[in-house]
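Chemist: Mind having a look at this structure? Questions to follow.
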2 protein chains.
Amino acid sequence: MPEGSPFPVQNLPYGVFSPPGGDARVGVAIGEQVLDISAIWAGTPLGADLATGSLNRFLRRGRGEWAYVRRRLLELLTGTEQRRLVEAHLHPLDRVRLQLPFEVADYVDFYASEAHATNLGRIFRPDGDPLLPNWRHLPVGYHGRAGTVVVSGTPVRRPSGQRRGADGAAPDFGPTRRLDIEAEVGFVVGAPSRLGEPVPVGDFADHVFGVVLVNDWSARDIQSWEYQPLGPFLGKSFATSVSPWVVPLEALEQARLPVAAQDPPPLPYLEEKEPWGLDLRLEVRLNDAVVSRPPFRDLYWSPAQLLAHLTANGASLRTGDLYASGTVSGRLPEERGSLIELTWSGRDPLRLPDGSLRTFLEDGDTVTLTATAPGADGVRIGFGEVTGTVVS
Amino acid sequence: MPEGSPFPVQNLPYGVFSPPGGDARVGVAIGEQVLDISAIWAGTPLGADLATGSLNRFLRRGRGEWAYVRRRLLELLTGTEQRRLVEAHLHPLDRVRLQLPFEVADYVDFYASEAHATNLGRIFRPDGDPLLPNWRHLPVGYHGRAGTVVVSGTPVRRPSGQRRGADGAAPDFGPTRRLDIEAEVGFVVGAPSRLGEPVPVGDFADHVFGVVLVNDWSARDIQSWEYQPLGPFLGKSFATSVSPWVVPLEALEQARLPVAAQDPPPLPYLEEKEPWGLDLRLEVRLNDAVVSRPPFRDLYWSPAQLLAHLTANGASLRTGDLYASGTVSGRLPEERGSLIELTWSGRDPLRLPDGSLRTFLEDGDTVTLTATAPGADGVRIGFGEVTGTVVS
């Protein structure tokens, strides 16, 4: 395996791929290959659940099964004798087509980065308190459109919509002029929960299977005109891109780190004995130039707190639920996870290496998010990438 | 058939039922019976699509197939010779279990009643313009939680959540004190659309299959604390009840009527040659007392405009998408579709026939929505009911 591969054996992220001429099936990435794990378990009920075009049937099997499969794959890929059993089922990554890894049930987007919420507050309400009164008490979030979650590589058509008229004039309708990205981290629910039964913070790992990268494309002009009083709608619902690989929580044990103290202390249902976050380092590239390096470790609310809040009213979880962090921004200007922050709403354009300037995205622009995290044995765990090109 | 049945042969709404000891399958309601239509088409691909626990596979077949099946059922149920073919497949409604009729893909809730939006504006912003500047330009809407849409009869557990502290004190967590209903009408998408391709107003009936009643249960105290700036979340996501019967658009031809003139005129993508609404008369009962009769005909935005707006940014539709009107309220006090309006945020309690007072719902309360519309041959089309009882 090449040094520095994002997919060392300590990672083993899950995805859905089609080999040339073959049907979609579940695989794990290893080095520059993908292992067809539906073939490893061929002839068993587990194998049938893996020989499908989504991870959902595997995810539904629950935590015990996730651990078993990972353990067995580690044996197969590291034992010299056993390795021969898998050789026939490896496909070069550059020869397969990667698909949306899971059917998205409900998609929730949070707003859990304090720097991001503060930046947007400063931009939109320059004279008020940048954080609204509820922000430090509860993880603010809302439901997005599950049906327009697409896999990395899907072109993103510039959406049209109503844009506020200047100086109180009537709005007009046309292509967004403020197309933006949001660099986020998403959590994939495997095991469902029952309606009426909140999931306590401590049960996080019984339900959440793994982590994807998310680019929540946003049309800022559409959003700002429509969002009062019921929140973002068409400014977000045209596309949300996710990475093709779901990194299992088990691969991220070494990435855990305590979250900063929360003030005020969270209400009991959000209290975690040792609240932990993940040391994911994101990178945002715009046409191959790195424009930001958002640190996921700075998130105010922990992943387990987000899940506990989401279900505190008894809302049930389904296999395939996706909840994302919201834009990840750090305290430094070069750590901001959206263009509206990086360019301060267009006031401070970015200069790209080709000399061109950007406030928001232009047709033909390609945005790519990547991330790494510390893994076992000192390796770095990669998340692959989520990329998309804007088309008119 | 009894005089005044909600399910005359001019209606033929679709649902999913389980006969005693049998698996779930698709049926149509006729009088006080349900016809097992999976049996009518047994042995055919259509029959296979009907012998399942949701309408989705039938819905995906599209408008031509919906029309064929309805036409054929009308023949079978009205021809004296043919009628004998169906006798064996009729089950008394009171002997079957009705299920959620379709798997909900995405759930969108609009805010399309001017009286409702105005009432809430007056209650929450007594000193400002009751309608926000965007309201007459676009149908305001947001995504709700698809996974907690439940069928009529499902008990509704009183949700807990954060409630704003009095006079700036910290919020606390506990059972909602302001549990409310929202009487709504929902539209069920059958035929999908492609990402990036808006659905014009004129294509409404190519995509929308039919209509259900919706009770969008709401916890007003949770909602009012959480909703800034991203909209309603946990205040709504604990339960949304729908009626077990989907009334096909074809049964509602006689219920069409023009919508009132819109001022300002809608932007071109919302322009409909002859904007039409539906003359649905809703009734809200609280513990058997009628507390409201909301008129759906008063909706400001037409059902086709709501769909065109929802997809104007290129968002795709999936089979099973549900979009609801938002609370239906008329101009008269006795036509308001939520308790927050009926009691003016608790200021004016309702007196029930047993002498008790209500501001918001108490444990044990049962709320039932019904509706009727004009049908062919002078009959009235019924929607069945959506009912739910509050449990602690």
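Positions of Cβ are set from backbone N, Cα and C atoms, glycine also.
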Chemist: Report the candidate from A:ASP216, A:ASP221 that shares the Mg(2+) site with A:LYS236, A:THR240, as recorded in TrEMBL.
Modeler: A:ASP216
Chemist: Report the candidate from A:ASP106, A:ASP109, A:ASP279, A:ASP288 that shares the Ca(2+) site with A:GLU182, A:GLU184, A:ASP216, as recorded in TrEMBL.
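Modeler: Matched candidate out of A:ASP106, A:ASP109, A:ASP279, A:ASP288, per TrEMBL for Ca(2+) with A:GLU182, A:GLU184, A:ASP216: A:ASP109.
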Chemist: Based on TrEMBL, name the residue from A:THR44, A:THR311, A:THR319, A:THR327 that is recorded for the same substrate site as A:TYR111, A:ARG125, A:GLN223, A:TYR227.
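Modeler: For substrate, TrEMBL names A:TYR111, A:ARG125, A:GLN223, A:TYR227; of A:THR44, A:THR311, A:THR319, A:THR327, the listed one is A:THR327.
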Chemist: What is the separation, in Å, between the Cα atoms of A:ASP109 (Ca(2+) binding site) and A:ARG125 (substrate binding site)?
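Modeler: The separation of the Cα atoms works out to 22 Å.
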Chemist: Count the residues of the region 'Disordered' (A:153-175) that DSSP assigns to helix (H, G, I), to strand (E, B) and to coil, and report the three numbers in that order.
Modeler: 3 helix, 10 strand, 10 coil
Chemist: Counting every protein chain present, what is the number of Cβ atoms, excluding its own, within 10 Å of the Cβ of A:ASP109 (Ca(2+) binding site)?
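Modeler: So the number of other Cβ atoms within 10 Å of A:ASP109 (Ca(2+) binding site) is 27.
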Chemist: Would you mind giving the whole-number mean pLDDT across the domain 'Fumarylacetoacetase-like C-terminal' (A:109-391)?
Modeler: 97
Chemist: Report, in whole Å, the straight Cα-to-Cα distance of A:LYS236 (Mg(2+) binding site) from A:GLU182 (Ca(2+) binding site).
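Modeler: Answer for this pair: 10 Å between alpha carbons.
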Chemist: Tally every other Cβ atom lying within 10 Å of the Cβ atom of A:GLU182 (Ca(2+) binding site).
Modeler: 27
Chemist: Which recorded positions (A:TYR111, A:HIS116, A:ARG125, A:ASP216, A:GLN223) fall within 10 Å of A:THR240 (Mg(2+) binding site) by Cα distance?
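Modeler: Among A:TYR111, A:HIS116, A:ARG125, A:ASP216, A:GLN223, the ones whose Cα sits within 10 Å of that of A:THR240 (Mg(2+) binding site) are A:ASP216.
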Chemist: So which other residues, same chain and not among A:ASP109, A:GLU182, A:GLU184, A:ASP216, have a Cβ within 8 Å of the centroid of the Cβ atoms at the Ca(2+) site?
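Modeler: Other same-chain residues with Cβ inside the cutoff are A:GLY144, A:ALA183, A:VAL214, A:ASN215, A:SER218, A:LYS236, A:THR240, A:ALA324, A:SER325, A:GLY326, A:THR327.
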